[in-house]
Amino acid sequence: MTTDVTNQEDAMSTSTPTLAPHQDAPTGRKAGEGRVGAGLFDPGQLRRSLPDALRKTDPRVMVTSPVMFVVLIGSVLTTVFSFRDPGDWFGWAISAWLWLTVIFANLAEAVAEGRGKAQADTLRRAKTDTVARRLSAEGGSERQVPGTELRIGDRVVCEAGDIIPGDGDVVEGVASVDESAITGESAPVIRESGGDRSAVTGGTKVLSDRIVVKITTKPGETFIDRMINLVEGAARQKTPNEIALNILLASLTIVFLLAVATLPPLADYAGAHLSMVVLVALLVCLIPTTIGALLSAIGIAGMDRLVQRNVLAMSGRAVEAAGDVSTLLLDKTGTITLGNRQAAEFVPVRGTTEAELADAAQLSSLADETPEGRSVVVLAKERYGLRERHQGGLSGAEWIAFTAQTRMSGVDVDGRRVRKGAAGSVIAWVRERGGTLAEDADTLADRISEAGGTPLLVAVKDVVKEGMRERFDELRRMGIKTIMITGDNPLTAKAIAEEAGVDDFLAEATPEDKMTLIKREQAGGKLVAMTGDGTNDAPALAQADVGVAMNTGTSAAKEAGNMVDLDSNPTKLIEIVEIGKQLLITRGALTTFSIANDVAKYFAIIPALFAAVYPGLDTLNVMRLSSPDSAILSAVVFNALIIIALVPLALRGVRYRPVSADKLLRRNLGIYGLGGLAAPFVGIKIIDLLISLIPGIG
Amino acid sequence: MSPVLAGVLQLLALIAALALAYRPLGDHMARVYSSDRHLRVEKWIYKGIGADPNTEMRRPAYLRGVLAFSAVSVLFLYLLQRIQGSLPGSLGFSSIDPDQAFNTAASFATNTNWQSYYGEQAMGHVVQTGGLAVQNFVSAAVGIAVAVALVRGFARSRTGELGNFWADLVRGTVRILLPLSVIAAIVLVACGVIQNFAGIHEVGQFTGGGQEWNGGAVASQEAIKEIGTNGGGYFNANSAHPFENPNAFSNLFEVFLLLLIPFALTRTFGRMVGSLRQGYAILATMATIWVGFICLMWWTEFAHHGPAFEIAGGAMEGKEARFGIGASSIFSISTTLTSTGAVDSFHSSNTGLGGGLNLLGMQLGEIAPGGTGSGLYGMLIMAVIAVFIAGLMVGRTPEYLGKKIGTREIKFAACYILITPTLVLVLTSLAMALPTPGDSMTNSGAHGFSEILYAYTSGANNNGSAFAGLNADTQWFNTTIGIAMLLGRFLPMVFVLALAGSLAEQKPVPATAGTLRTDKPLFAGLLVGAILIITGLTYFPALALGPLAEGLAS
């Protein structure tokens, strides 16, 4: 008995990505709460990054961060003054902790970069010098050249086992390609000439068949090169919000510089003579060092969080824009619904039962590693309780794996030949072997193949993904409007839109319609995000504020978008938005924390400086710090340690929950504003207690 | 009735009166600055000065108007004082020295009204009424004009146009300040404020001996002195002088006048940006700080220790017995939280902490409710900064009233908040470091330092009140405070207009649930906190060495 399980849109199945759309978090992260915010922090990273941190104390590097540059100058000054008065332990202690402040700041950045470096090394390995088999212009002869000598327009041949030497489009043939070097996903993908699955990436490996690739990118500018630059942070530029925040921090630094620099004449008049060491200590405590130290680490970590989710942002600007997005355009298929690629139901045809079909379908799909194949197995298991059989478990079986050419998979066992595949292929296969095709239900007639007298059918229908309605509700609370894009007729579209809970839909959408929709939203001041993969998506991807191209898409789409999703999972757009928001929130929260900290530092330092001349000011010493020296030193130590303490938060990002702006603000103001006011009172007091225990000090 | 209860009742009456005037005046001002009709008298003025009131100005043109007009004002005032000796109606006073004339000219053209002269012993009718009083009107109108330009920046989109400076200046004077002043002057005359052009009278005293008192158009000047948050008294004693402020009612009325426009402008703002709630949030922020400061002032002045204080029921030194501590505290806080600088008591005689409140009030940038116009734009700048930090905390590029606060906007706002601290701290430090300026102090220790800190704080923030005790009529103080007043007034305006221009060019961003709500109590609270912390941190060391050292000394 041969079973044919057809798939309504089976033509698609030959060229689908390797990742099943239902896999929300392909890197193994769990969906749901805390889906943004993962990213482990290993204290060992601090140690490993230390050499980098020391290298970063180069003033030419530090000048880009005005706040930390001031600390660097302060450290140099106090050290010089300590050399002039070497017997003064206080000067040395302050100098040491100021240097530590500088190093801690650089350490934060180095740790953030370090995580990207590991990834870049993996990528470099994939980029080992390849040898290209270049075809001559006439297309006849083949010559071996180093991959670096390829020029745009060259055509190269790649066969099973070859590494593709550069980015390009397949112009001839079909092949399965292992893209794990960039996507981290081990299952191969199909690449074929023509259509939307023709793009191949340099550094990936052809597993089967033979293709001819037309090179579209110069060596050194390939996708993998850009990726290395991105994850290493070499291409990192300050984003608009980061620049704006830097301006604000610089102006606060100037204000405090003024407050401290103008103090000596005032203090002299009062009879208190302030040393340079004390003035520098006061200045460093006041300027926003916490956020100044962590600002670039936050930015790098934000990009890194995207990379960990297999999304490459071509610029930090795009990540920030993602946080501002107010309209999401989501393709129905693959994003909102499980799409045509998912087996949903077994529909038996005349004279057979669903259980029989499920059994045959499962058997024939075992050798099919495509999402459809796997979905059939999963469905059989879930719906009919069929345990998954393994290829090794059946003796004497001859497995026929799914390939791009045959577009079928199956098994020959016990004289029974079971096939499942694209309708056209199965029909041809049945006819070749003298079988006849049964005429069944009218609408399905041409899709049914007969084999052993038992025609069967797997029906596939749009199934709204689980949890999508909740997600859209969350998005609505975040103030983001969702628009479903579909080629379906308005009636079907409306039904699915209602089921999924999106705010709006665009039915029978053409690329032009999409473009018009984006422009209309933008004219109203909204920022639009969308995903796309086809060449005809390219203009819309370029027009959108955040355009996420699927890695399976065409080169044109990847060029046009400002992000590439290596997993080609359109649902990820939602996560991208959350990461963008989280990035901004982390910056804002730490800025608030940093400024709020200053209040306590004043209460530590001002009485220490002036209580000797104006005893009444000792009233301000609310922490009852043990001595003036200890008070100042404690503030400086706290100021340095808080940087290290907050490195994990800077790298991980402040926890983000999709709630309204009001709730977010209330929560973050409470934690980082009020917390920022209170924390240093406690911290400085504890450090003071410890310092006062040191004999001869305190 | 206990003095504390009297104070509370006066404050409540004041709030009720301000609340009554809030809507009609705020709406009226919004109409004035939105209307496209011109009054006949305005047309004459436009013809006279050769201005076309109908052309829209972009930032550079608007700024040129502000600066050119103010420069001419300074020059005119300077010359008027320098030739006073040869003018009629000068009561025999001679011309003013160059440094004092410069100081006074800068002072009145900047809406500061710092006075290093004794009004009744230096300025005749012509200078007082034809020069200083005129500036009381127009400098206030310039302030409102700049504030309105900023509001238009928020309200308008995809244009750089901020309105017409000449139209704003003339309308503010003719349709707002003049009518209000006429009404206020009549009320003041009814209270007993003098209004004449009499010469100098010799008046006998109870204790024997005599005193020379001169008359003048005091009520009319008093009215605009408060309404325009100017504060320059006809007499040296300012509103403590019975001719300027005869009784408890006139006292409360004067406080009402000086708060009137600054508070009502928040409604104008709400109207013009199309959301009254946004105006209320700003109003709430201002009112919270204002009431809070008054309560603190009551606390420091009523609860001071020491036998003399307890017998007097509080710190009565330097306060008028006819006003008492309650009303004097309301006045002194209102005058230092606006850019008025009129005084009905002597801030130098406040308790150490009370004087510190006056200082801090000015150092906040005079934004609660602030000067006419300058209070609103100063507060909006702080709102922009607060929105920036808070906006990041909700995960979006910060936006205020539908306009993104990006690099350019934050740059202008950051420059704005740098100006006055720079002027105050650098000049104070210089004065303390140099050998001679300190000779002007009439007190030693922390209080002496407070005198100098107060002088520069008052000048740079365009307040004009003095911590009496400092002899400010020296070349050093006349010149440096003059410079502080000019830079403290016009540099911020440069950045306010730059911000306005930048905002007006943007296209608006629609509000969503993800947008930070700036019309909620939470935001007003955040704004109060941001203002207090940012300013507090800037001036904490200086305040510690002055008022705090004095106030906390047991």
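Note: Cβ is positioned from N, Cα and C throughout, glycine not excepted.
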Of the ranges B:137-155, B:308-326, the one TrEMBL annotates as transmembrane segment is B:137-155
If you count Cβ pairs under 8 Å, which stretch among B:61-80, B:248-268, B:376-394, B:522-544 touches the transmembrane segment (B:481-501) the most? B:61-80
Cβ under 8 Å, sequence separation of at least 6 from the ends of the transmembrane segment (B:137-155): give me the contacting residues as numbers and ranges. 29, 33, 62, 66, 69-70, 73, 108-111, 161-163, 165, 168-170, 172-173, 176-178, 181, 224, 227-230, 261, 265, 268-269, 272-274, 371-377, 380, 400-403, 493, 496-497, 499-504
Where else in the chain does the transmembrane segment (B:415-434) make close Cβ contacts, counting only residues six or more beyond its ends and a cut-off under 8 Å? 363, 365, 381-382, 385, 449, 452-453, 456-457, 459-461, 476-477, 480-481, 484, 487-488, 491-492, 495-496, 499, 534, 538-539, 542
Range from B:61-80, B:280-299, B:376-394, B:522-544 with most C-beta pairs under 8 A to the transmembrane segment (B:248-268): B:280-299
